[in-house]
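Q: Annotation comment: TrEMBL describes A:20-36, A:42-67, A:87-112, A:124-147, A:159-181, A:231-251 as transmembrane segment.
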Amino acid sequence: MIKILKYSFYDLMRSRWSYVYFIFYLLLGFVLLFLNNEISKAVITLMNVIIVLVPLIGTIFGVMYFYNSREFTELLLAQPIKRTSIFLGQFLGVASSLTLSLVLGLGIPFMMYGLFRSNAIWDFSLLLVTGAFLTFIFTALAFNIALSNENKIKGFGYAVLLWLFLAVIYDGFFLMSLILLEEYPLDTFSLVASMLNPIDLSRTLILLKLDISALLGYTGAVFKKFFGTDYGLSISIVILFLWTILPILSLKFKASKKDF
Amino acid sequence: MQFSYSLLFFLFLFCGGSVYGNTIEICESCPVRSIKEGISQASGYDTLLIKKGTYKEFNIVVDKPLTILGKGYPVVDGEDQGEIITIISDNVTVDGLFIINVGTSYTKDYAAIRVIKSKNFKIQNVVLEKLFFGIYLEKATDGIVYHNKIIGDAVEEFNSGNGIQLWYCKNIKVERNHVQRVRDGIYLEFSDEVIIKNNVSIDNVRYGLHFMFSNNDAYEGNTFENNGAGVAVMFSKNIRMSDNVFRKNWGTASFGLLLKEINDAEISGNIFEENTIGISIEGSNRIKYEKNSFTNNGWALKVRGACYGNSFVGNNFLYNSFDVSYNSKLNDNVFTGNYWSDYTGYDLDKNGVGDVPYRPVKLFSYIVNRTPETIILLRSLFMDIIDFSEKVSPVFTPDNLMDGAPLMKKVQ
């Protein structure tokens, strides 16, 4: 598995797309810092970008890589290598190269603008950790989709739809249900609902750092316990881990069942 | 002419002589060993010099114009019996005492130092610990409360008292005091022409500063931090608040500053930082807000209704979750020339003023007002999209509520 991981990783490192992705983040970081002049404000803007873009790129890239390397995968399958290690190796290669581009692309400009001397460093590292989690989650989801759909167009369609659903539509339903059910106590419901969507979950995680004063404005014991203590942070991270592991397990399961 | 001058001179000498009276020393080995004894022996305008030591006394009544001066912070221990010093005479100075263990009562407001119906008093350099009420001014006028330190151990509202309380007072200066962990740091009721300056009021159970029915007062340069509910100013006219710092007042009913029924006030140069609500405004009219900074608050301004003729000019709104929240469609307040960190417009003519107006009220803040749980959707893409569409064509937010001349750079 390590060998395949290494191969995928180096293959991607040499490919154009990784550089495009890296340069995109590099530019984004510089432009944000240039326009904002202040690290703490740039971190807030960056959060909006990471929450939306990282999943999108993870999904598209994952599906694309899977379909492109399909012939190579079939070749590997003919060799005496365990199936799970082929797919897991490929997945880890893609996800880790994307994460590397993200971390380096954003890290370099922020470091040059004096990140270590500012007090935004914790917010920024939380942002990068969340970005890494999102990359892993969405690449795994994309691999799942690509593995279940032979048809490329269909696969792409589902992947984009998945992103659109989790990034935008889910929140729309969420908001509607909160407003429709407003007579009932909703704090547990809203927390659970935001746990069920990895994008919402990472957003919550970042809110805990950036907007804690607004979040504490709501009257409710459950909210207060969740946001007011470390309880919220630890639960969010645990569930984010679950979100990463579950698609990987499903990928493993699917890969071993699939008839090529 | 010559004669009248010399008469004046003699008069002055005579009066001066009576102001600087005798000094009575009080210590454990002196002839006078307690403060009460000292007061009974002293005549008007004498000085009681209290040497270092512990004096277990309470209900000390100062009924003559005396100067009570502590040397090396003598401890006056009330042993939780009741009130410690009660001043009922004019021209009394209390300086340099360390007063502890004021009695707690559910029927009487025992204070460490109480001033009743007196003029020209001065309370300075006093340290109060383990207190119920600290310095309680009752119908007193023309006095100074200067550089005192009040450190309480309050936990609950019902069995704790206020640090500095003014009740029916007039023309008092409260300056450079440090008040910590009491119920209300500084409390004013029916007190006019009071100046509250450069005090620090932190970690109090209820309010850092509490104002009721007090007119023509000023408070400036104070710091209010981490108080249960921040600062409340209610039912008062002509208040001037400037250069204060309101920080870290977090909680569901917590404000940097709560204004209720305040008319004709001036709020300028204050800093509101990391509060759940920076200023909560209710029924307040004709208030000028100038050059304040609102940084990292949940809500910078929460306007609850019946607020007319207020103007917000030249303020900084930086990185607040919500800049302004309104709960009605009616707006009679003016926002102009402020800096908003969320402003995304441009300045083509480079005059430092943005070319498109800024709308500080987001649709999302309406939704949160209605269904508070939706706060969890803060900063989500979906909310940004509907906020954007509301910005383009306002339906729910007052369409005249906007800053027509948003600044491109921070106000210094």
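Heads up, the Cβ atoms here are built off N, Cα and C, so glycines get one too.
As the structure is a computational prediction, the values presented were derived from the model and not from experiment.
Give me the structural setting of these features: burial, nearby parts and distances.
A: If one looks beyond the transmembrane segment (A:20-36) by at least 6 residues along the same chain, the residues whose Cβ comes under 8 Å of a Cβ in the stretch are 42, 45-46, 49, 57, 61, 98, 101-102, 104-106, 108-110, 113.
Residues 12, 17, 21, 28-29, 32-33, 36, 73, 90-91, 94-95, 98, 102, 106, 110, 120, 123-124, 127, 130-131, 134-143, 145-147, 152, 155-156, 159-160, 162-163, 166-167, 198-199, 202-203, 206, 210 of the same chain lie 6+ residues outside the transmembrane segment (A:42-67) yet bring a C-beta within less than 8 angstroms of a C-beta in it.
Listed as Cβ neighbours of the transmembrane segment (A:87-112) (distance under 8 Å, sequence separation of 6 or more from its ends, same chain) are residues 1-9, 11-13, 18, 21-26, 28-30, 32-33, 39, 42, 46, 54, 57-58, 61-62, 65-66, 69, 73, 124, 127-128, 131-132, 135-136, 139-140, 143, 147, 248, 251-252, 255.
For the transmembrane segment (A:159-181), the list of distant contacts is 51-52, 55-56, 59-60, 62-63, 138, 141-142, 145-146, 189-190, 193-194, 197-200: same-chain residues at least six beyond its ends, Cβ to Cβ under 8 Å.
Note on the transmembrane segment (A:231-251): residues 87-88, 91, 130, 133, 136-137, 140-141, 143-144, 147, 195, 198, 201-202, 204-205, 208, 225 of its chain, located 6 or more positions outside it, place their CB under 8 angstroms from a CB of the stretch.
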